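K.L.:
TrEMBL feature annotations, pasted as is:
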type     : residues : note
SIGNAL   : 1-26     : signal peptide
DOMAIN   : 78-158   : domain 'Cadherin'
DOMAIN   : 159-267  : domain 'Cadherin'
DOMAIN   : 268-382  : domain 'Cadherin'
DOMAIN   : 383-487  : domain 'Cadherin'
DOMAIN   : 487-604  : domain 'Cadherin'
TRANSMEM : 614-635  : transmembrane segment
REGION   : 687-706  : region 'Disordered'
COMPBIAS : 688-700  : compositional bias 'Gly residues'
Amino acid sequence: MAKGLQGFLWAMLLLFCAIQELGAWAMHTAVEGPGLGEPGDPALLASGRVKRGWVWNQFFVVEEYTGTEPLYVGKIHSDSDEGDGSIKYTISGEGAGTIFLIDEITGDIHATERLDREQKTFYTLRAQARDRQTDQLLEPESEFIIKVQDINDSEPRFLEGPYIGSVAELSPVGTSVMQVMASDADDPTYGSSARVVYSVLEGEQHFTVDSKTGVIRTAVADLDRETQDRYEVVIRATDMAGQLGGLSGSTTVTIVVTDVNDNPPRFPQKMYQFSIVETAPVGTAIGRVKAEDSDVGENTDMTYQVKDEEGVEMFKVTTDSNTQEAVITVQKPLDYESKKVHTVVVEALNKFVDPRFVDLGTFRDQTIVRVSVLDVDEPPEFRPPSNLMEVQEDAHVGSVVGVVTALDPDTANHPVRYAIDRSTDAERIFDIDAKTGAIVTGKVLDRETAGWHNITVLAMEADNHSQVSRASLRIRILDVNDNPPELATPYEAAVCEDAKPGQLIQTISVVDRDEPQSGHRFYFTLAPEATNNHHFSLLDIQDNTAAVHTQRVGFNRQEQDVYLLPILVVDSGPPALSSTGTLTIRVCGCDSNGAIQSCNSTAYVVSATLSPGALIALLVCVLILVVLVLLILTLKRHHKSHLTSEDDEDMRDNVIKYNDEGGGEQDTEAYDMSALRSLYDFSEIKAGDGGGGPGEGGPGRNPASELHALPQWVQSPDLDFSVFRDYICRKVEQADEDLSVPPYDSFQTYAFEGSDSPVPSLSSINTWSSGSEQDFSYLGGWGPRFRQLAALYAGRRGEEDSEES
């Protein structure tokens, strides 16, 4: 068949070439002479000759020529060619000299190579006709085209593969899956070589393809992903519109069937069995069951629930989101003795149901879970579980408070023993009978000390103390009236001297440590020892308070400033108890408005008149004074230390010259004159005088003038300077010990000179006696501070001695 097709093609090719040659011959035009003129040449027009030019038709060459000889393409010819071989034909351009060759004499063009239209559809060349002798251009260069004639040599190809599509299962017939498209490289404008049609080679029982568009559709409505989730469909594309002799290509299309929720969950078993011990705590997992679902993805998500009432009460089912399993857990405590086997109905249902498939059935399934409870040795159980007991606080030691009961829940029913956890009753206020569980008092009770007791009772098997149960027991101590009422506080009241009868002085209340169930009720009256009282009266207000009023006109605190009023308070019992309290009433002075001004008791007045704000203000003032004193002391100490440091810096031998004069005796600003006036202790002068000295001037001397007289610089055999020497020595010692005294020598002016002085001044400058009459050697013993002064006087003494000699 292939050989017949090839022969047919060659026959068609030869026919086409013959037609082409005939057309070229028909187009040939013979003209006179070798006219070489250009169009519009005046010479040609004048002579009446017609322009000579090229003669050819459009050239065609068939692609994919497989012959052994060069393929004839066509002929170029000039109308000036007379056939004598004087014209030389040449070509240039695409493929000239390689693909296309021309006969220089005849102008025949042949193709020497096999051409492919899909690679190049036409070639553009230029033709020339020249005189063979002169090589002159006889015709203008002309351009022509050689077109490659298409044949059906390219099969359709699927360039976008591989193709993968998807379609939901149970889709109706004709549901579009996807579209495929093939390309043909042949010329779509020439014949039917590029006209492609599609068909299904494999998979036609499930899918179809549109022959023109290539759209693939479902051919059946029962595609089931659970049966087959993938199909391989082969699609063929044929050119020549599917006619005989057309070429074809194929591709494989993978079609994935996607899932829909068309399968309900199913339990692999209709019954599951699990076991668990009866002591398992609430929340313990018993087991897991899982319903299978043929679907995939979210279509397999499901929830589980317990359907029967018994199972809902005892057990709980949750869904494990990772494994889609049902987890069965204990919801209430189990008891082997009560029920040994529990039956639970568990239902599984899809979480997402597709409404399109509800007619397929219910998307749920049920299974039965049998839970067997295993018996274990359990500790005793308290029955009934009451945790409150009551006892009177006046109960005797050994009185029974109550009885606790515990039983062994096991089948063996072992005997039970009781005990009290002493960590909850360290004082051993209660005891318990180990066999009967009777709780008795172990000590005297007092509700006012402890109104409640919380103890823990232990119940254990007699032959196995490791099986222990604990029960918290609250014991309430009931109140009895064993505490008398008392005044709420030690009341103190005040009454004005000018008080009128019936004036309210004080309202009193009482407290009682007891708490009767019917509430407190107190009665007030004056104590028997106050029956002769005519000053005050007591009124019971009937609300557990009483009021004290005056009963006379005016009081005199000079006669009696304090009254003690005994008050008897009785409670309602039973039995009725009483106590006596004393109200202290002070007589005070008041102003016209009745405000207390003063009382005999200072403490009371202060406490009555000073408010808390006044006390706080007083304390603040005292604190401020203390801070000021401390600040002054600190500044003074700082000033002294500053002077000391300056004095230490000035302890050196310096000669300072002053050009100003002092103010004389009236200058009291330079020095502390109070220190200068205290020259010596007059009592010591009298004691050391012994009746001599300057005071011995005669009995007519004035003692007062003696006390104020100063020693004179005029040396007299009757004067004694020992008093002044001692005085100066003491001052020197004080100066040496006092760090605040300046360390340098200073000249001090005295404020007074004394009476009856023979000289007007104490200055050594105006002294009447010469320096030789005074001995200053004692200055050397005054210490280092007077060393400069001693050196000055000692030097002067030496000069005077040398002058006398």
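From the backbone N, Cα and C atoms, a Cβ is placed for every residue, glycine too.
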K.L.:
Can you work out which residues elsewhere in the same chain, 6+ from the ends of the transmembrane segment (614-635), have a Cβ less than 8 Å from its Cβ atoms?
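P.N.:
Contacts with the transmembrane segment (614-635): none.
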K.L.:
May I have the DSSP-based helix, strand and coil counts for the residues of the domain 'Cadherin' (383-487)?
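P.N.:
Across the domain 'Cadherin' (383-487), DSSP assigns the residues as follows: 0 helix, 50 strand, 55 coil.
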K.L.:
Please work out the helix, strand and coil residue numbers for the domain 'Cadherin' (159-267) from the DSSP assignment.
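P.N.:
Its residues fall into 3 helix, 45 strand, 61 coil.
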K.L.:
Would you list the DSSP helix, strand and coil counts for the residues of the domain 'Cadherin' (78-158)?
P.N.:
0 helix, 36 strand, 45 coil
K.L.:
Return the average pLDDT for the domain 'Cadherin' (268-382) as a whole number.
P.N.:
90
K.L.:
With DSSP, how much of the domain 'Cadherin' (268-382) is helix, how much strand and how much coil, in residues?
P.N.:
16 helix, 53 strand, 46 coil
